[in-house]
Ligand SMILES: Nc1ncnc2c1ncn2[C@@H]1O[C@H](COP(=O)(O)OP(=O)(O)OP(=O)(O)O)[C@@H](O)[C@H]1O
């Protein structure tokens, strides 16, 4: 490399080539490792080989993702503990760590402590950084850089052009990472400790999903061993959404994070039925946990007879009142039903042992175990504390009015009980028409019987839509871990959508979580967010309006088409128009209008995708039912008939919220096409 030292860009390119070569060498080293000498047997060898393969994969040089995107020149050499083993004052920040043959860092992982000032340093607080340099790439080539001299008071502070370009870049393909441009307020959430839970309230496009995913990547870096053991989980609202986000973490080198919907987590039975809103609201109410607890415990019966254990020539008798005492004591303790059931035989056996000792025997633990397994003890336990199948328990509650009445008395009103009872009682668990809410009830019952395994960290996206019982289902999957809860109260579109984060967090079991608010919008252009925000007073009056960092003048068009001969014509024309631009196009419509529009698109020869499917250069148009639009974004959005979106929902507020979601999916332009009148807030000029 013979770059002229006076040409900074050439010097940076030279560092890029050298870093690439170093990464290649790291990969070759990993490939060449001979593990035969260090593994005692083939099992170890297999495990180690698997780990090595993962590492080799992680060291791949992805030509489309720049190896580094920033540089920090510190004023002083950071302490050795921060410098990742390297000394010196200049660091290149990238997606992964790269070192040279001597082990000195060429690129520092963005998650390392020394990289933090790249995201946080400002003129007000330079954090010992003299120069922050951001790099611009064109097709894998380093083509530009932008400098900020943080201690130079004469240099004007300005919005980074590279950040602007990144935000403006067309959105073809799935969601991508934002690692090069994480903003300071976002970084604070990303790098929050593993110990505490955090809840992020943020309007559309403020980067909640992006922040949640980067937070997982950060936590995995900072607490790798612990989280590898305990596991991490990202929860999203539906499959389309999970498809949309699924490549972000792998792009950041994290391949082990499970992604699921709440329905996936509670899939104990096949869901074949649908609840009406009233039934779903009651079933999703946290009081159902108390009903289940009572119903479950009703299986425990107070013993009427003594337990008689015969061993050899001797009979040992634990009188009924003593067994009753044991049972009452177990009931009084805050134990899982199953754990108490497991403890009961040992407790009875212990009572027998006490008698043996009194009569001069010296039994040991093995004798206690043997007594606990004695058929008489087993039979007594079965009669007193029978095994309960969670699905059968819920089935009985929903089928048997008397059983429900007995256990819901004083908890649910008679009307509420009637609302959730099945019109036709189910015959068995397999044939029952379980709904999504029923599956959550079964999950709750299952947890009351046997404790659910807790993960190390759970990210819950679009959290505003969960019912209290769903929050509980998520909460029990992180009882010993922490949670990142992301959502927007204004986008709550379920009948049970949460009215406040305090309430939601209490149901989740994380009442001590810190609530943060993000208000800078990175998706929706200023004009469009201002238009959508006219709905805020009606749907969430307490929330702050998003302030967009994107200008994009002329991004909003509202077209009234009076009495069209062909109801789809104007919408199709708007799609064709939008497709003339670069990037993705989403046609969002009320669910009920989707079949008609699908037919019209086909007739017009316009190919289209389903939400979450990856756009290709040939097919960039997606037909999105309004119910699936949440969390997604398109460069251009054509919104079909807002009035139909409103009438598609059970009440006005939910309708307006659904509309707010649909109006806030556009990155570059929104065209609203309508024949019916617009809702009042949008109709006024
Ligand atoms: N710091 C950033 N730099 C560049 N792009 C960003 C940044 N933060 C967010 N974005 C982009 O803004 C868009 C919106 O982000 P995201 O989907 O995470 O928002 P959200 O708050 O989850 O939105 P919604 O409420 O609609 O679900 C995405 O394209 C994301 O990549």
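Backbone N, Cα and C define each Cβ position, glycine as well.
Annotation comment: TrEMBL describes 181-534 as domain 'UvrD-like helicase ATP-binding'.
Summarising the annotation, TrEMBL assigns ATP binding site to 202, 203, 204, 205, 206, 207, 208, 209. Under a cutoff of 8 A between CB atoms, and with a sequence separation of 6+ in the same chain, the neighbours of residue 205 (ATP binding site) are 521, 522, 523, 524, 529, 546, 548, 633, 664.
Confidence over the domain 'UvrD-like helicase ATP-binding' (181-534), given as mean pLDDT on the 0 to 100 scale, stands at 95. The sparsest Cβ neighbourhood within 10 Å, among the listed binding-site residues (203, 204, 207), is found at 207. Note: residue 202 (ATP binding site) has non-local neighbours 208, 486, 488, 517, 518, 519, 546, i.e. same-chain residues 6+ apart with C-beta under 8 A of its own C-beta. Taking all protein chains in view, 25 other C-beta atoms sit within 10 angstroms of the C-beta of residue 208 (ATP binding site). Just so you know, of the binding-site residues 206, 209, the Cβ with the fewest other Cβ atoms around it within 10 Å is the one at 209.
The secondary structure of residue 208 (ATP binding site), as reduced to three states from DSSP, is helical.
Listed in sequence order, the residues 488, 518, 521, 522, 523, 546 complete the 8 Å Cβ shell around the ATP site centroid, once 202, 203, 204, 205, 206, 207, 208, 209 themselves are left out.
DSSP classifies residue 202 (ATP binding site) as strand under the three-state reduction.
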